[in-house]
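Trainee: Sequence annotations record features per position, and here Swiss-Prot assigns transmembrane segment to 49-69, 91-111, 138-158, 167-187, 212-232, 235-255, 267-287, 312-332, 344-364, 379-399, 413-433, 458-478 (among others).
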Amino acid sequence: MNKQASQPRAIYYVVALQIWEYFSFYGMRALLILYLTNQLKYDDNHAYELFSAYCSLVYVTPILGGYLADKVLGNRMAVMLGAFLMAIGHLVLGASEIAPTFLYLSLAIIVCGYGLFKSNISCLLGELYQPEDPRRDGGFSLLYAAGNIGSIVAPIACGYVQEEYSWAMGFALAAIGMLAGLVIFLCGNRHFTHTTGVNKAVLCARSYLLPNWGWLLILLVAAPLLITVLFWKEWSVYALIVATAISLVVLAKIYRQAQTAKQRKELGLIVTLTLFSMLFWAFAQQGGSSISLYIDRFVNRDILGYSVPTAMFQSVNAFAVMLCGVVLAWLVKESVSGNRTVRIWGKFALGLGLMSAGFCILTLSARWSAAYGHSSMPLMVLGLAVMGFAELFIDPVAMSQITRIDIPGVTGVLTGIYMLLSGAIANYLAGVIADQTSQSAFDASGAVNYAINAYVDVFEQITWGALACVGVVLLIWLYQSFKFKSRALAVES
């Protein structure tokens, strides 16, 4: 084996932890909306609000998690602490089947754990390489592929266990997965001795009457309690408003920092891409909420007498991303060798167009359900797969553009703003959209009178909304192409 080309041993422990983190997170996420409506008997409106609040806040806490890792904990300790908190959160969530009061606390613990983990796992991987190490890109590709494996397997495994045993066992499996990843990671501790550890000097220094380790303990207790209150009082939207306002102030500061017209143009492009990405993900995140309940209520899931658990359908999207990503990488390689390139706006138009096509298929499925009572499973799988393929033309394109910006020291900040808007705000908007399908008519026996027309209307509106975005993006693409050709002709003349 060529030692120059082989990856450092530590990466395999990071990859194992990433697989199990994705397994834990996406296994629980596949069950959550179904658990709220089918087990805890929340009405759709309440379930959508809580689900979107949870999915929004997991994109806000990594900002604080990254800060704590940089200043005090170091990436390795932050990742381990985050993994432990997520495992505890999933176990407490399982207990909420018996004691529903634990629900908000469990979600808050998971959000805090995710904040410590998500922002620092990539940074930990980066510490394994020198800045110019040619193996770096391969290591990050391996980490991304590993995550997809976890997100494919998780809904299948957790969905099966929940269906065959109980909701608590389904959530417990997610917790066991996270603990398994943590144990594997700890077994490779000797390979991480060169990475940044806990900053003991800062940790032991005193600030405002207490040593910093005391403030850290207070934060670890207070943060879950504060987020619990946000869930309980439905105040998470205020946290998003504050975070967004701060981001806009920071964005304005970056704009003033730009010294050339080229830099301002690049920043304007990133902002525009971020806004379209936010809309894209507001549509795409229906997969965990309104689409999941639609599948549960109106799709025929029987195969040879076996009823496929609804949660398993969450694997379709992840599988499509992984499979189509390999195909797309080959096609792009071929197009580059033939001197053919795809413009940024062309890719965004294609991604939004595929999202529109996916929801068009779901609209057909919903109309089929309206006519015949239930829709076919293959049609549903096709729609989800097309939506998964669409993702490949959005985030990678936007993130690539962010890393190219020529303003020193702003890449990390812009990435955080992008994740806030396309993650947190998009998930909040997704909840607003999903709420249009809410089913609130309970009869005396407690059964719900599900109205298929609500799903038909929402899926159709998203189809046209995504198509309208395609139209706007194509206009931008045509304008940019015209400007480029005009400039080229002017140079030739």
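First residue shown is number 1, and so on along the chain.
Glycine is no exception: its Cβ is also placed from the backbone N, Cα and C atoms.
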Trainee: For the transmembrane segment (267-287), which recorded stretch in the set 212-232, 379-399, 458-478 gives the largest number of Cβ pairs separated by under 8 Å?
Mentor: 379-399
Trainee: With the transmembrane segment (235-255) as the reference, find which of 49-69, 138-158, 458-478 contributes the most Cβ pairs under 8 Å.
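Mentor: Counting Cβ pairs under 8 Å, the winner is 49-69.
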Trainee: Given the cut-off of 8 Å on Cβ pairs that are 6 or more apart in sequence, determine whether the transmembrane segment (212-232) and the transmembrane segment (138-158) share at least 3 such pairs.
Mentor: no
Trainee: Can at least 3 Cβ pairs under 8 A be found between the transmembrane segment (138-158) and the transmembrane segment (167-187), with each pair 6 or more apart in sequence?
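Mentor: Stretch pair touches.
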